[in-house]
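Note sheet for the following structure.
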Amino acid sequence: MANNTPFAAQPLLTSSELPLTLISLDDWALVTLTGADRVKYLQGQVTADIDALPTDQHVLCAHCDAKGKMWSNLRLFYRGEGLAFIERRSVLDNQLSELKKYAVFSKVVIAAQPDAVLLGVAGTQAKAVLAEVFAELPNADHPVVQQGDSTLLYFSLPAERFLLVTDTEQAQQLVEKLADRAQFNNSKQWLALDIEAGFPIIDTDSSAQFIPQATNIQALNGISFSKGCYTGQEMVARAKYRGANKRALYWLAGSANRAPAVGEDLEWQLGENWRRTGSVLAAITLSDGTVWVQAVLNNDLAADSVLRVRDDAESVLTIQPLPYSLTEDK
């Protein structure tokens, strides 16, 4: 298979409906950091404590500007001799140039890896099928496993699924193995699962717009409040200790004539009136016509609030429960 050639689009399904599915993650990109200073350098750039990251764990953290606004969020893990992270392809070039700004002063090489193949495996029997190909699989206790040139990541949300970072040869083997047994789909299916999981999606139109807490990164254990300095730390800390953050990530579901675009606001019902509010991070339409929206909204929104897509009077969107708690330890 060609590198990151997307599979044909299929109807999108919820995690509970999904049959065995191999997903081309062409909307995501891989970056690696190698060199003696890789950990030290990244420690000064992202919200997670890289010094404390075990080699068998991955973390969703944020890379911020000096004002604490996220250039991107990063799914960070060890791969081979270095560190690696996955982010949305749309923000890759800009985020990478920001991350590299001070790299000339350190022994670190930061590089996109366009030849790497990213695949998702989800749905019924995903684990059993991968066990036929790989000697060891990641799990809830050890969510990162290295095998040869492949790195496997385990996710429990919204249901058991796997992300594979590999080369063209191994990817082709998996494609052939699953040819008669699995549905193939493109990145939109993985996006749907991320929305269901409450994992924030940062694309170009939402880059440098939000502090990490506005997208629930703290609830996903992606912010260390005890590590040393990193870019944007002061603003991120202020949001926690001074209550400066008034927003949160929400998963909305319902009916609409269209899926709203990234960066659009929504309309919130107040009695007989509608008020514009929030900002859309991602939206998809499922096979049954249901629209899912991931949006940043006021964090004091009542659970029974009714929203709609802007200028769509027939639209009705309601708040769905996220599979994790937003209650913070004080």
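Yeah, the Cβs are placed from backbone N, Cα and C, and that goes for glycine too.
Summarising the annotation, Swiss-Prot assigns folate binding site to TRP28, TRP190.
Within the same chain, the residues at least 6 positions away from TRP190 (folate binding site) whose Cβ sits under 8 Å from its Cβ are ILE23, LEU25, ASP27, TRP28, GLY120, ALA122, listed in sequence order. Over all protein chains present, the Cβ of TRP28 (folate binding site) has 22 other Cβ atoms lying within 10 Å. A strand conformation is recorded for TRP28 (folate binding site) in the three-state DSSP classification.
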